[in-house]
Amino acid sequence: MADDGMLLNFALPSDVIKPQTKIKGGSWRERLSVKKIAARRATNPKRTADGDGNKDGNESGPRNPNRIQVSGSRPAKRQKTDGGFQKLGEGQAHGQGSGQSKGPKKGQGGSVVSSLFSKNPRPRNAVEEDKNDEPMEDAKPTNAPLIDGLDTFTNLGLSPTLAAHLLTKLELKAPTAIQKASITQLLKEETDAFIQAETGSGKTLAYLLPLVQRIMALSRAKNEGDAKGDTSVHRDSGLFAIILAPTRELCKQISVVLEGLLRCAHWIVAGTVIGGEKKKSEKARLRKGLNILVATPGRLADHLENTQALDVSNVRWLVLDEGDRLMELGFEKELQEIISKLDARQRPSRIPGVPAKRATILCSATLKMNVQKLGEISLKDAVHIKADPADEDGEKTAEDKDGDAFRVPAQLKQSYAIVAAKLRLVTLTAFMKRTFMRKGSVMKAIIFVSCADSVNFHFEVFTRKLAEQLEGDNPDEGSDSEHEKEKEKEKPTPASTHGTVAPATAFSNSSNAVTMYKLHGSLPQHVRTSTLSSFAKNRDPSVLICTDVASRGLDLPNVDLVVEYDPAFSADEHLHRIGRTARLGRDGRALVFLLPGCEENYVEILKRGYRDGGKALTRSTTDDILKRGFGGNIESQKWQLELERWALDNPEYLEMARRAYQSHIRAYATHVANERHIFNIKELHLGHLAKSFALRDRPGKINVPGLRPGKEDTKKDFKAERKSAGGKKRKATGYGGGRDDDDDDDRPSATTDTTLAAQKMRAKMKEQLAGASEFNLA
């Protein structure tokens with residue numbers, strides 16, 4: 001096309017085409033943030049020029065005549081700290097103290113130092129509970145012994161020898177209600193039985209007394225039938241009774257009670273076989289002969305399979321203590337094997353008076369009447385024995401209405417506290433400080449937590465050396481001699497309890513020294529046994545922090561207080577926890593920690609355990625606990641900050657805190673299904689919860705130390721990878737694997753899809769095992 005000589009001239013304003021600045025570097029989040037700031041400046045240039053717009057700007061309009069204009073170039077104020085000066089945040093620069101800061105501060109390494117008392121959720125029913133200020137009358141104990149007197153035991157059918165032994169040696173003047181009902185029934189008929197009663201009402205003696213009485217009667221029958229009259233039932237006569245319990249600690253306690261009973265019948269021999277002990281020693285005891293055997297299901301099933309010296313042909317009584325717990329812990333397979341082998345090996349006895357068939361007794365405080373799970377334990381025509389006469393008439397109706405109902409001893413004073421996640425640890429410390437403030441007010445207390453890692457962390461927190469103790473570690477010579485004298489006065493702890501017993505510096509004071517114990521299922525068996533024995537025998541103020549391993553059946557003397565720092569995984573387990581106190585008619589107290597929000601609905605479950613509808617259930621406020629324990633919020637904040645600095649200064653304890661935090665979250669997800677709407681893991685504020693473990697890291701930055709494979713695990717994975725890929729095996733040169741590890745890193749061709757899948761599966765199994773090990777109860 002020919003040039004027509006036309007000239008086009010478009011004139012554009014200069015502000016139409018603006019230079020586009022391309023943002024480079026940084027992460028995509030940072031680039032996006034810069035873009036948003038630039039867009040906001042472009043849309044509102046006046047606000048950005050003034051800094052805060054109408055707040056500090058110089059726009060036209062009425063102004064306060066008393067206002068003094070301050071230059072924006074003035075530096076922020078600084079607060080003097082122990083190490084010098086520290087720049088304050090924006091909120092503190094305007095006059096807010098360190099204890100009243102509204103927002104979190106940045107610490108070292110990107111950690112967050114937040115205030116204890118900011119942004120805490122308020123309880124839903126914060127004002128509803130302060131209604132009943134009238135003092136309540138003390139309730140009549142429901143698990144106390146009946147009328148005193150020697151005739152009460154003899155009237156139940158026990159021999160005068162056994163009744164006199166109970167009165168003189170064991171100092172038991174009268175039976176409890178459940179003992180009266182069970183002894184009468186079990187001595188009268190040879191049938192299977194359910195024994196259900198409150199915690200602390202003497203269920204162990206309820207089945208041991210009829211058992212010992214029956215075997216003592218066999219001794220008399222054999223003496224009468226023997227011409228010489230000089231022989232009786234002895235250890236070679238055979239095994240007559242087996243008692244199964246879910247935990248090793250409960251087996252030990254049953255064995256101690258049984259040995260105390262058998263002192264009046266020395267010819268009857270009892271023994272134990274439990275996990276964690278040497279099989280060789282147990283087999284030696286079985287070869288010598290036993291009449292009564294106390295065992296855990298797993299170890300008994302092992303001996304029935306592999307020990308020929310264990311003769312069960314004469315077993316006529318099988319007791320399942322805490323039978324529902326046996327099923328819950330996964331012992332169903334072992335119980336089926338035990339029952340089938342007992343049935344197959346049963347033979348008619350040549351001893352006169354031995355029953356023709358075996359009787360099975362199942363006892364627990366939270367026994368449910370639906371026997372679908374327990375039907376496989378061969379219970380036939382079982383008799384239900386209950387202590388409360390009010391329940392006998394309406395037994396079916398009560399169970400139909402609420403099959404999960406549980407009962408709390410009437411004399412137990414139970415309370416709950418709605419505590420924000422940030423304040424959990426400092427509130428627990430304040431409560432325990434107040435509890436042991438006066439000597440003699442409380443002798444023993446138990447703190448229940450959810451997992452073993454949490455036990456280890458809190459044990460170190462409560463037994464750590466305080467700042468004033470660290471300063472006094474290097475005094476002059478005179479104070480050194482005094483310190484040595486005080487050490488000489490202290491009782492030495494057994495070697496088997498080192499690491500599980502220490503002075504509780506967080507609770508102790510100058511007039512009342514408190515000893516701290518820890519117990520969980522991951523400890524070696526001899527350590528668990530010696531720690532529990534030391535706590536039971538200690539007559540000074542002491543605290544046991546433990547998992548549910550100590551919640552079932554253990555009769556620990558003089559326990560005045562039970563604190564559920566982490567709520568139980570079910571209402572039944574809650575009953576067993578608080579049942580460690582208020583035993584045999586004695587008074588006791590219990591406190592449950594709950595979080596604001598959906599956990600407040602747990603109060604209705606607590607009220608169901610009371611006969612009066614929960615009128616005796618009281619509430620404790622966080623402010624009151626902190627005021628009584630620390631004197632106020634300022635001291636509480638100081639204690640928390642000191643604890644966080646202690647964790648940062650000690651990498652070992654910081655890792656322990658992280659383990660406890662992660663394990664606590666995993667344990668929180670294991671509540672029973674019908675209570676999961678109350679303990680909803682999605683409602684947890686993970687950042688606030690981390691502060692209760694003395695952590696300043698963000699939840700996403702808290703790594704799980706136990707899930708990373710170690711050097712030996714990595715070495716095994718490499719060997720398995722080479723084997724599955726068909727590579728040649730090479731010998732390892734040392735501990736680190738040396739050349740093998742380095743060569744494998746540079747050979748991607750040896751890794752196949754099958755090998756990668758196997759590695760992922762192994763890592764997943766390690767993760768599951770790491771989470772499950774801390775809930776080990778048996």
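Note that Cβ sites are derived from N, Cα and C of the backbone, with glycine treated the same way.
The range from 151-180, 181-210, 661-690 that Swiss-Prot describes as motif 'Q motif' is residues 151-180. Taking Swiss-Prot as the reference, the stretch among 81-84, 321-324, 621-624, 745-748 described by the feature motif 'DEAD box' is residues 321-324.
Under DSSP, the residues of the motif 'Q motif' (151-180) split into helix, strand and coil as follows: 18 helix, 0 strand, 12 coil.
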